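**Q** Pasting in a structure now, in structure tokens, and then I'll have a few things to ask.
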Amino acid sequence: MSSPQPPRDSARSEDAPPNSNSPPSATDDTNASTTVPGPTPSSSRGSVSSFIFASIMLFMLMNGGDDLVTQSHYRDSLRSLRWQQTNFTDWLHGLEAPNFTMPKPDVQVAELARGAMTFGGPLHPETSSYYSNITGFVHGPTEMYNLTTSNFTSDGSFPGIPWARYASPMVREMNMTDAIERMGTWNWSRKAEIAFRVLEKRPSYTGEGIVVFNDTDQVQLEDISVMHGRVEITDAENGDELGFDMEAVHVTTNGTIYGFAEPDGKHVDLRSLPSLVPAYFMNVTAQAVNAELVARIKRLEDMIDSGVLEFDSSSTEETPQTTCPFTLFLQLTPTSVPLHLMKELESELESPTGISTVARPNLTVNGILISRECGIVFEVKEAEGLKSQRFWRKVTTYASLACVAYLGLLWLLLRQMAISQTPVGISRVSRWTFLTQAATDSVSFVGHLTFGILADGRPSLSLIAPAFLASVLLVHEARFSVLIHQIQAPEETAPPPTRPRPQTSTTEATAGGTNSGTASPTPTNDASSTSSPGLISRLWQRLRESPQGRLIASLALALMIFIQVLVSPSLGVWIVAVVYSSFWIPQIVRSARRDTASGLSAQYLLGTTFFRLFFALYLFGCPNNVLGVDPSPWIYWLSGVVIFQVFILFLQEKIGPSFFLPKSYVHAQRYNYHPVFPDADAEAPSQESLGDCAICLDAIKLQPSSQSIISSSSSSLSSRDHPSRPGTPYNDHLHTGSTGLWHRLRSTVFDSVRDARSRALRTSKANSAANARNVYALAPCGHLFHTACLEKWLAIKNICPQCRRPLPPL
């Protein structure tokens, strides 16, 4: 079935067939001149529309699978939660729940926990209190104990560990084979650190499905909070992490936390939490767990109905590092803040109003994590906590300071670019100094952007501002580096190798034709004298001569480093540290090689160093930075190295670019623009002009020659050196009344005076010649200019005004 045709003019529809290839009629002659040969517009529109349609279909086919899988996963989770909540509700009402049985309390684990830590109790509200909500981060050192060793399996107590006697009965009942299999590939013998990421909230006891019955006056429903989050164990040597999902309850009246932690790929059953708490907390804990299940069901229903689903990209097909579950007991340290002031403080942290509150006390946590199945115990002592509200405030403060730092760096860079905008100024700076800074700014841009987008919380979006400024600074540094490379490219152009001349005969025929009967020896090429370069030498020469080859080699090296960083993240930290501590070294090397000043202003050097060290010292020197990076002592050495580089650059400006190098290593040969011309022919007329300057078009006139002065001075010196000759009265008088000693003394005095006057005249002659040579400047290409004219020209361009070849600095 043919597609519908658009309406056409009636006059043409009767005379002309619908085929567009038919010859035009006479009435179309007026439009013939405007007809453009080629494909018709309809065919072009058809190809574009087909391409768009195919792209949309391909996009739907490629991206629809993940959405369907995610939606199915969410529906399965919702179905499982409903089933768990129904069975748990039946158990709460005392009905028969065949699909759920509350686990019995583990007495041995509880005794071990009581022996390892001191559980808190109610405090006097007028003198002290606990934090009622610890949503945020808790991290600190931990001590690991392997209960499967012989020290714990014996009945004797282990020295230094008071709870060892409680571990022995539990270890004797363990299945050692199963414990070894559960431990997996994780190295449990290394020193580690532990961190908790906690989200705590009080359940809502209103709504459908909520069961509320309070049969005791000692415990209220408001005293129980439900917590969930992550437990991460980090290897202190190589930085590897082992993660667990955590579910717990927090009894706010005594500051105790009871919970379970399961490795990745497994989920904690919330309904088992009442078995951990003491008996008088079991009822309210069960009601809090039931309310949390109802809240999660409602949240899943809303997400499925709205279509806002988060795809879980974590793969569960990988073999887990361990399958050891843990039971955790944590205890908050009481503070010396009264209860009503603590409530006021937490309310201000949650919803800031600007009121004055009590000073914020430290949040410290002690506890123990026990894995009965694997015989592993982690003891936590004095772990520091950071509440989420305070953390996001720190993030906002850091983002503000980072913006100020990047604005300062950007202003300093633009100012330096304005100072070094001439080719002479650009020829003094090193592009590698700006490329290394651009590399660090690219890492900073990616880090700030990733942290700002992936972190949960509106304050994290403030990190987008320093990420944007880092990208702007990166663009300007890259552009300036490219400009420097274009200006300095002629310096790196290697001249083509000169071909060796063929060896000629050592005997030449005489002009008179003597020895004509003897044939002269033919030229010989000794192959052994000119050995061909090796493969590595040829590759290196080709790499130096080819910009494309250098680019490919640089990309390959960068790719290798990037792969190594992915394999070993600690290597990336060292690479960034090395690059960060050496961005002034290329400028020092270039100044020493070129024997010129750096061209970088003192304002740029000091300001850039200050702002760069701000980021390094904050991340690796501040113990409470937003990334949670532990302080490293090497950051102070790094700062000292950077400051020392700046000191060297200042010394190069004051003393000399190569002051720190021995004279034998100073190989910078500066071009002499004032060579000595050969003496003119004595018979030729004297010439005071060397030609016309190609810049000002005036004659290059030499200063009056000092030769006549030197000649007259020499003649006068000769006459003064010998004031008297034999035959004069003065000489005769000396001869008549002097001895041989007087002759030797007079000769010595006259020789000393003559040598001194000769040295003075030679110095005067050299100064006069130098002053005469300073008038002109001979470029390497052979063109002659006034020195003053060439100085003004090189301040704008560093090429010859006539042949456009690059010129060295004057």
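Glycine is treated like the rest: Cβ placed from N, Cα and C.
Just so you know, TrEMBL annotations never went through curation; they're auto-generated.
In case it helps, TrEMBL gives these features for our protein:
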COMPBIAS  33-46  compositional bias 'Low complexity'
COMPBIAS  508-533  compositional bias 'Polar residues'
DOMAIN    780-804  domain 'RING-type'
REGION    1-46  region 'Disordered'
REGION    491-533  region 'Disordered'
REGION    710-733  region 'Disordered'
TRANSMEM  395-414  transmembrane segment
TRANSMEM  551-567  transmembrane segment
TRANSMEM  604-621  transmembrane segment
TRANSMEM  633-651  transmembrane segment
**Q** Quick test of the contact rule: Cβ under 8 Å, at least six residues beyond the ends. What residues does that give for the transmembrane segment (633-651)?
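**A** 577, 580-582, 584-585, 587-588, 591, 598, 600, 602, 605-606, 609, 612-613, 616-617, 620-621, 659-660.
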**Q** For the transmembrane segment (395-414), find every same-chain residue at least 6 residues outside the stretch whose CB is under 8 Å from a CB in it, and list them.
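**A** Hits for the transmembrane segment (395-414): 448, 455, 459-460, 462-463, 465-466, 469-470, 472-473, 476-477, 480, 603-604, 607-608, 611-612, 614-615, 618, 625-626.
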**Q** If you average the pLDDT over the domain 'RING-type' (780-804), what number do you get?
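**A** In the predicted model, the domain 'RING-type' (780-804) has a mean pLDDT of 83.
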**Q** By DSSP assignment, list the helix, strand and coil residue numbers for the domain 'RING-type' (780-804), in that order.
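**A** Across the domain 'RING-type' (780-804), DSSP assigns the residues as follows: 8 helix, 4 strand, 13 coil.
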